[in-house]
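What follows is a set of notes on a single structure, which appears directly below.
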């Protein structure tokens, strides 16, 4: 059964998303189940422990799906006589109802991604969702795709700069995520400051600043201090122009960037300045220029790059486009209807201001939006009655879409809050990982010195005895692992500091033999689970000892460096103190070296009486592998 399921899965996944399976041969035949079936048998479906029962004919109504075809036999268990699916039982209820009723519905409380995965597994396409749920399903799916794309773009911009990134990619990354570097952060705050200055200057230049000498009429600040405001506007426009050109040059897709809303806002914000530079002193042209200067107020929308709340508001309006369209259409119909009624109701009054139906539009708009300026009021009884109805209908028309807009705003706001929280947690987690990796070698060696390899060496003439300290279960397991490695590989693992101390003792004191103070070599610390090779300990010479004291000892001849992607390689040289250029180049891209010291003893010398005796202190031909780099 397991082999059949494994062979079926790739074809089921391909068929579920509408792709034809690519294979050299046909699909494997489903396993034959030796059981008797009636024409309309009762089938038991076990979905993660939840049992569903239905008729076989109900499932076979749709033979192109998983449950309606013979492919469901791959999931049949003869012992329980059930079809077992390790899927979500809550969503499966809606899928099974589709076989019963022929209508597929989308549960609003379910995750859109999980729902799509279940449909893909059972071989159902989203296009068969009923009309009552299809629009909401498409909206949720589009919003989810946009959110995932935004999260992916944010994650890409928040990642650390790679060495392979080009200058163009670095500039775009600095614009999208100013916190990547100090210069990007400075430019971010400088542009924000000039945006605020530009908006404030656009407002202040219309404030009256008194009359200038030779003029009786009071002039606005923009005309009285024209040079100062021109210089200020020039500085702001220069900053905005440089920002726009840099964004255009660094954009991954310039065509997409030019079509974006923020790009259009940038162009509209700086365009009036350049048009004013080339315009003549003609009064007609100057009047058009004054009208064009109104577009400078769009610079305030540049704050959306600096404000998350404005971006959330934009996403909300975009997601509520259908509701806003319904509101606009309803208001338009109501305005036309009530303006027509009010015109004919007030037509008989001589003091009426409802001179035409378009003139009555203003009264209808002000009344339906519950503003009520009072500049136009009905005079007749019929006009007052219809005006009251217009006011009440306006409250109903405007109030209906508002809860939907508020709900979408709340949902998008909380989604962004959760996304920001996830990114902050990911950033903190990566920081902890980097901190742990940077201090891993020191922490490992410190733990060995404190608990793993910090035992006192108790040597005697007959047999060395070791005293171990009580440690945690992790330390005990680590001791046991080192103990088994020493017995099976005939290697001995010691701390680097203990190794140097032992070497100094060997250089100063000449004793017959000595054992390295390793917890893994202790008798009684761990159980004897590995067959021990015949091993004799020996003196470890110090590399720092002078040449006269070393004798014929060969200095640290070989270092083993393991590659992540390939088999272990060795890099040999006559001395580890030599430069790396003098050695054979490693044939791997990412070598790593562990912090350890391994002593390889030479075979023991057997006396004619059959007893083993330690070798002479010269250690001719002894090899020591010392790896002290991380």
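Keep in mind that glycine also has a Cβ here, set from the backbone N, Cα and C atoms.
Going by the topological domain names that Swiss-Prot assigns, residue 42 and residue 349 belong to different sides of the membrane. Annotated range for transmembrane segment in Swiss-Prot, selecting from 128-147, 148-167, 288-307: 288-307. The range from 346-353, 370-377, 410-417 that Swiss-Prot describes as intramembrane segment is residues 370-377. For residue 105 (Zn(2+) binding site), the spatially nearest entry among the binding-site residues 370, 371, 372, 373 is 370, judged by CA separation. Within 8 Å of the centroid of the Cβ atoms of 370, 371, 372, 373, where the record puts K(+), the same chain has further Cβ atoms from 366, 367, 369, 374. Counting same-chain residues at least six beyond the ends of the transmembrane segment (185-206), those with a Cβ under 8 angstroms from any Cβ of the stretch are 174, 178-179, 220-222, 229, 232-233, 235-236, 239-240, 243, 296-297, 299-300, 302-303, 306. Ranked by Cβ neighbours within 10 A across all protein chains shown, the binding-site residues 111, 133 are led by 133. Here the transmembrane segment (381-403) has Cβ contacts under 8 Å with residues 320, 323-324, 326-327, 330-331, 334, 338, 341-342, 345-346, 349, 352, 354, 363-364, 367-370 of the same chain, all six or more residues outside its ends.
Tertiary proximity for the transmembrane segment (257-281) is limited to same-chain residues at least six positions away from its ends with a CB under 8 Å from its CB atoms, namely 233-234, 237, 240-241, 243-244, 247-248, 251, 289, 292-293, 295-296, 298-299, 301-302, 304-305, 314.
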